[in-house]
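Engineer: Before I ask anything, let me first share the structure, which is written out below as structure tokens.
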Amino acid sequence: MPKLRLRTQILLVALLPTLLVSLVVSGYLLGTRLADLRSYQQNTGETIARHLAPASEFAVFSGNQLILDRLTEQLVEEDGVQWVRILDINGDTLSEAGRSETDASPAGLLNRLFPVAPEALQFESSIRLGEEPVGEFEALFADDADADGNNIIGYVEVGLSTEPLMERQGELLRFGLLLILGGLMLAWGMATRAALSAIRPINRVVTALRDFSSGDLDTRVPERSQGETGMLERGFNALAEEVKLSRERMEAQIEQATSELRETLEAVEVQNVEMDLARKRAEESNRIKSEFLANISHEIRTPMNAIFGYTQLLARTELEKTQKDYIVTIQRSAESLLALLEDVLNLSRIEAGRVEVEDSPFDPEELLENVISLSAPGIFAKGLDLYFHPRTQLPAELMADAVKLRQIIGNLLSNAAKFTEAGFVRVEAAVERDKQAHWLVVDVVDSGIGIRDEDASRLFMAFSQLDTSSSRRHQGAGLGLVICEQLTRLMGGRIEVESELGQGSRFRVEIPVRVIKQNEEEHHLSDCLVELLCPEPAMGDALQARLAQWGCQVQRVTAHEASLKQGSEQPPLLAAVAQAQLQNEEARRRILAGTVNRPHSLVLAASLDRTILTELETEGQTVCQPLTMSSRSLRKSLRNNFQDLRSNPGKNPSSAEADSQPLHGLNILMVEDNRINRHLTMEFLESAGANARAAEDGYQALSIASEFKPDLVLMDIQLPGMDGLETTERLRHLAGMAAVPVLALTASASEEERRRCEQAGLEDVLVKPVREEHLVERVRHYLPETRKDTAPPPPADTSSDSLETTESSASDQPSSDRPPSDRPMGRSDSGELRPEIAAMVKADLPAQMETARDHYQNGAFDDLDAEVHRMRGTAAFCGFKALASCCEQIRLVIEQGETDNNRLARLMDNLSEAVDEVLDTLD
């Protein structure tokens with residue numbers, strides 16, 4: 001509601017009460033006067049009717065019409081009488097007189113607004129006989145009237161006009177309105193005068209204020225008024241004078257402050273110049289520091305690699321126990337130093353703002369499992385369990401900075417392993433969604449020493465250690481978690497920690513991601529029953545969650561229940577051997593007893609040691625893989641078991657291996673560039689009954705495959721011209737080759753190499769050197785079902801006679817019946833190098849060494865890597881450990897790009913010495 005001006009408010013205050021009082025008083029007076037007029041009119045009408053009734057008594061009684069007409073006409077002539085009517089006892093009109101309607105004047109406006117009721121007021125009175133007879137004739141009827149008790153002989157009706165009343169009413173209303181208007185005019189005049197006397201001084205003050213606010217500090221108000229307005233004028237003048245004096249004082253102070261500020265600014269400008277010079281010197285110092293760190297990093301890495309290489313070579317020689325301990329200490333110290341150096345460099349890059357987020361699509365499951373696999377050796381070596389637990393099915397593809405995420409999870413795993421002496425390290429993952437974005441949530445959980453609440457705030461402080469005592473057990477610079485926290489914030493995420501002292505810790509990383517592709521992969525495991533044997537509840541829950549996400553029906557069984565279910569018709573069994581069982585022989589035997597005679601079984605062990613895995617395979621008579629086996633490989637293994645179980649119910653898929661020719665009638669293509677490896681593998685395949693063909697490179701393999709139509713292909717990964725992965729891709733496009741299994745043969749046992757092979761579509765990866773028994777088993781495992789039927793059936797059961805086999809007779813069995821041997825494929829049962837292989841080695845090895853030396857001198861390091869790879873294959877198949885180790889060291893240096901230092905030259909010399917040693921041995 002808009003605010004009213006002061007003048008308007010004064011007028012309203014003066015006029016509204018006056019108007020209200022005038023209306024009330026005038027209304028009351030007018031109402032009273034009008035009521036009196038109406039009462040007077042009513043009394044007049046009733047009086048005329050009462051007097052006319054006795055006057056017309058005789059005429060009505062006597063029936064004298066002349067008298068009746070005279071009475072009515074005379075009465076109508078009276079003012080205000082509109083009409084007169086005399087009626088007999090029956091209501092019949094005896095005499096009637098009235099004025100014409102044209103005589104009435106029209107009603108005024110006020111009378112139309114305030115009408116008086118009908119146009120004429122009607123009054124009635126009865127005509128009665130008197131108590132004394134008037135004459136003789138009247139007396140004759142007196143007795144009859146008295147007898148009836150009714151002396152009414154007629155009626156008189158008089159109608160009075162309301163016109164006089166309306167004229168009087170109009171005069172009263174006009175007078176009342178004039179009275180009200182007069183009062184209002186008087187009040188308005190007085191109020192206006194009072195308002196002007198109060199507003200004019202105020203307006204003068206307002207005008208002065210406007211000029212004053214515009215900067216005219218000399219403005220004053222004339223002091224003419226009395227009372228409150230006079231006080232207002234005097235107060236304004238005093239205030240203006242005070243403000244003017246304050247303004248003058250303030251200007252003087254400002255002038256002084258400005259002068260001081262100029263002097264300060266000049267000093268600040270000098271300081272800024274000095275600070276700018278200091279900043280440039282600091283930046284130059286920081287640049288020099290960064291260059292120094294980078295250079296010193298390179299310089300430190302170079303001797304560190306030499307330390308790593310030579311300690312590994314030294315560890316393979318014949319050493320005393322104390323010497324081996326020294327070697328282990330050197331290796332661990334070197335690894336700690338290199339990790340510390342890497343942390344310092346990472347932190348310096350982050351703090352310098354030189355680390356940028358580079359989003360790219362990635363498979364979250366593959367990334368996390370890859371990080372877990374890289375961390376597995378150190379964690380398993382401490383006797384800890386390490387496993388993956390996806391809480392929900394992860395999308396197939398996300399968008400984020402995969403490199404930094406891998407570094408964050410790797411640091412958290414390293415931190416968890418460092419502070420956990422016994423128990424487990426678990427990685428949990430899920431993709432959650434809120435109103436803003438999708439979040440990849442990764443938890444690294446351990447059963448370590450835990451953290452006190454008061455120490456949690458110091459976790460993410462650089463170079464901070466919770467235990468700062470000189471006797472602290474856990475070494476390190478305290479940078480790992482700091483790097484994790486800064487990288488997480490750089491990616492727009494957050495990191496949290498939940499811990500309880502003595503109960504372990506949970507580090508949670510939440511990274512905003514964009515879902516590129518949901519997981520729509522068909523795993524072909526829907527409604528497939530899998531029995532799960534895992535004594536560790538949490539590990540079992542993790543494995544069960546993964547199987548359930550793939551559509552499997554999981555049934556948890558105990559070791560005793562699994563041992564009671566024997567035979568190839570049983571559903572696949574997945575058994576997990578944790579560190580607790582590896583360290584307890586009795587517990588391990590109970591678990592592996594459930595896999596015996598269960599051909600469709602798989603053991604996952606908390607170890608990467610090939611010796612331990614081989615022992616578990618031998619004891620459990622099944623395949624054993626590390627607990628960190630990728631989900632892709634695990635799904636593929638289960639899928640193959642299900643397909644084999646459905647195609648051959650009740651048939652033992654490994655029993656044919658006991659036959660002398662388990663690969664009889666099968667077409668196998670062998671692709672290998674190393675002549676010795678090719679010769680040995682072909683010999684084993686042919687001795688197992690396979691129809692084998694060999695190719696030296698990818699182009700020859702494509703030519704042979706188009707005509708040979710193999711049932712299975714053994715593919716070396718590193719081939720001249722076109723590598724094994726590209727050859728496999730081209731083989732898939734040949735007619736009839738799309739579904740042919742391809743098994744990779746590689747000298748690299750790294751997880752990255754396995755993943756590359758899996759992504760390229762290869763069914764399995766066999767690491768050189770491959771044992772004959774293992775080669776035959778894997779070949780049969782991946783053969784199409786229709787081709788497995790061509791192999792000989794399993795041997796018949798010999799019942800109790802088989803139990804009486806003596807130790808001497810066992811030595812006469814074929815090699816396929818004996819437990820797997822660790823001897824190299826190029827050596828005989830006695831351990832001697834086979835003569836034909838020795839001849840090929842003596843012929844090929846010097847030429848290979850000469851070629852490798854030429855590549856090194858010409859700087860053709862890729863060609864050198866390929867040649868050394870072929871030499872390593874020969875060494876692996878023939879059991880030349882020193883030569884194989886030297887080849888591996890050279891390949892590692894080339895892979896790391898450190899070819900411009902003296903280490904490679906020393907390794908080339910070592911390679912030449914190892915070749916000479918092999919040739920001397922053969923001579």
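Each residue, glycine too, has its Cβ placed from N, Cα and C.
TrEMBL: automatically predicted annotations, no manual curation.
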Engineer: With TrEMBL as the source, identify the stretch among 26-53, 82-109, 558-585, 894-921 annotated coiled coil.
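Structural biologist: Of the candidate stretches, TrEMBL labels 894-921 as coiled coil.
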Engineer: Just name the most isolated of the modified residues D716, H869, going by other Cβ atoms within 10 Å of its Cβ.
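Structural biologist: Counting other Cβ atoms within 10 Å of each of the modified residues D716, H869, the minimum falls on H869.
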Engineer: Count up the helix, strand and coil residues in the domain 'HPt' (830-923) according to DSSP, in that order.
Structural biologist: 77 helix, 1 strand, 16 coil
Engineer: Let me spell it out: take the transmembrane segment (6-30), skip the flanking residues so only those 6+ beyond its ends count, and list any with a Cβ under 8 Å from a Cβ in it.
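Structural biologist: Hits for the transmembrane segment (6-30): 172-173, 176-177, 179-180, 183-184, 187-188, 190-192, 194-196, 198-199, 202.
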Engineer: Restricting to the coiled coil (240-274), what is the model's mean pLDDT?
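Structural biologist: Its mean pLDDT is 89.
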Engineer: Please report the distance from the Cα of H869 (phosphohistidine) to the Cα of D716 (4-aspartylphosphate), rounded to the nearest angstrom.
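Structural biologist: Between the Cα atoms of H869 (phosphohistidine) and D716 (4-aspartylphosphate), the distance comes to 11 Å.
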